[in-house]
Structures are given as C-alpha cells and as structure tokens.
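Colleague: I have a structure I would like to understand better, so I am pasting it below and will then ask my questions one at a time.
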Amino acid sequence: MSEASKSIMDLLSEVVKITDMTMDNEAVNKLKPQIKINPFYRAVQDVLVEQKSKIDLSTKMMKDLEAQENDERLDTMLKAEGVAGPDDSLLRIQEAAGTDQYEYRQQLLKVRRELENETKAFDKHCKKWCEYVEDVLQQQGEFRPITQQSTEKFMNKMSGKFNKVCFVLKQTACEEVIQLKKRYLDARRKRRNFSKTSTEILNEYFLANINHPYPSEEVKQALAMQCNISVAQVSNWFGNKRIRYKKTMAKNEDERRENRKPEDRPPPGAPGAPYSLVPNAFAGMMNPYQMMLPGHQFPIGVAPFNFSMYNPEMMAQYQQSLQNPNQTR
C-alpha cells in the first residue's frame, strides 16, 4: 500500500472513530485538530462536496394543505369557546352565573389551563432540542459539507414534526370541548342535569316538605339563588319530582299487593281480584239473584229489579234447581 493510500485510510478511520465515540468533549477536542492538519483533509472535503451536489436537494417546501386547514379549523373552534385566543374565561364565567352554562364555562377554563400548560412545556422542550441539533450540525459542518440551506431544511422538518404534536394537543382539547357540549349544552336532550350540590338542595327541601311539596314563589327564588339556576328550572324540577314520586309510590303499592300471601288474596273473578273482568262497582250485577241471598244488604225500601225484598219459597226453588239441574229439564 502506497503512502498516499495509507494516509487516506488513516484519515477515514479517524472520521469513523468520531461516529463511534461517546460524547466525551475532551477526546473530541483532541481529535479535531489532528483531522484538520491531515494533508488529505481538503481532498476529502472536495469529494464529499462533489457527492453532495449529485443529490437532488429540493428547495421547495411542500405544504400539506389539508393538515393546515384542519389546524385552522381547530384554532377557530377553540377560539370560539374561549379555550384559545384572548383569555376572557373569567369574564365568561361571571356572565354565565345563574344560568345552565355556569358549570360548562368552569370546565372550559380547566381545559384552557391544561392546554396552555402542555403547550408551554412542549414549546420549551422544542426550543431546547432545536438549539441542540443546530449546535451538532455546526460542529459536524467542520468535517462534512453542511450548507446553511441544508441546515434550514432540516430545522423546518423538525418544526413540522413538532407542529404535529401541537396539532394532537389541540385535537385532544377539541374532543374534550365536544364532550362537555354533549354533557351540558346538547339541545336534543330532554332535560339537563343540575350540579350535584343543586340536586341535593332541592331533594332536601322536597323530603322535608313531602306532605305539601309545592314551594311558594319566594321559596322558589331562594332555592334558585342557592342552586345558581332560574326560577323556571326550579318549578320544572319540582313538577317532575312530584310525578316521579307518585309513580314510585304506585309501583311500590302494586309490588306490595303482588307479594301478599295467597290466603290474603281475593279469589279469581271476585270483586277486587287483580284478574277480575268486571269492575268492582258492577260485579254484583252479573247475577241479580245474588242480591236476594240471605245476608245480602241493599238500600232500605228498594227492591232490586222490582222483586220482593225476600221470598223464601222462590229462594228454595232456586237453590233446589241449582242442586238438581237435570230435574228442571
């Protein structure tokens, strides 16, 4: 091997060592001057520049228009709900006091604070990482051809990757806003849930006044102030509560009647029996002779169906016909 070839191989071996070395600044600082004083250092640089020129480096920054539109759509939604943009969350909460949007605005403020904290921490990490990469490229530029154009292109790629993470953070915040809307502001729901505290206050008053659960207008106004809701909502709540309470009591009564012992139940078909086909008031009308049986009571001075009050002979014949039905034929 010639002396020139040996020098080139030595130079390349030293370059390879840099890639395998650990981040020992002292060793790197000692190795850098040795590479630069090598007589073939400039020749290696020229070869690397020539090879780099053969690589097609597109200077056009291809923008993903669809991703950009989605990002703008997320920003618009977050600004409309006060999660992004000027911080007027406290003002919106004060304006929503006493309405059904009060708790919704409080939850939006939590989403805004979480998004701000995560974005701020991520931006700090991103800035630190970009500075580190730029410093590495600058140091490597002493030994391999790294142009300013290449550095800018690489930094733009890194910014694009970090922007994707920001997009995910915004998307997560938007999903939380959508869930809050479904929970608090969905107009398709038949009713809106009050807060746990408001429900406890209203239930406490209802149970304390169970015999007369009809609060006056003054009481409704006081309850509305305590629960941060409107007087109309208080009236609707008590109306619905009374209906549900009556239905519950009726259901419990039916279950108690069904769970009675067999000996306590009336026979099937008897007046008051659960499966009787005749109403109680007209059960006795099916057999007009039933009212002539001994012991049957009827209004004084009134004979049912214009019969006499009691005829023993007719009753004896009737009972005998029931006992011997074949003899009457």
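Glycine too: its Cβ is placed from the backbone N, Cα and C atoms.
Quick paste from Swiss-Prot:
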DNA_BIND  187-249  DNA-binding region
COMPBIAS  250-266  compositional bias 'Basic and acidic residues'
DOMAIN    3-186  domain 'PBC'
REGION    10-90  region 'PBC-A'
REGION    93-186  region 'PBC-B'
REGION    248-275  region 'Disordered'
Colleague: Just to be sure I understand, if DSSP states are collapsed into helix, strand and coil, how many residues of the region 'PBC-B' (93-186) fall in each?
Modeller: 79 helix, 0 strand, 15 coil
Colleague: For the DNA-binding region (187-249), what are the DSSP-based totals of helix, strand and coil residues?
Modeller: 43 helix, 0 strand, 20 coil
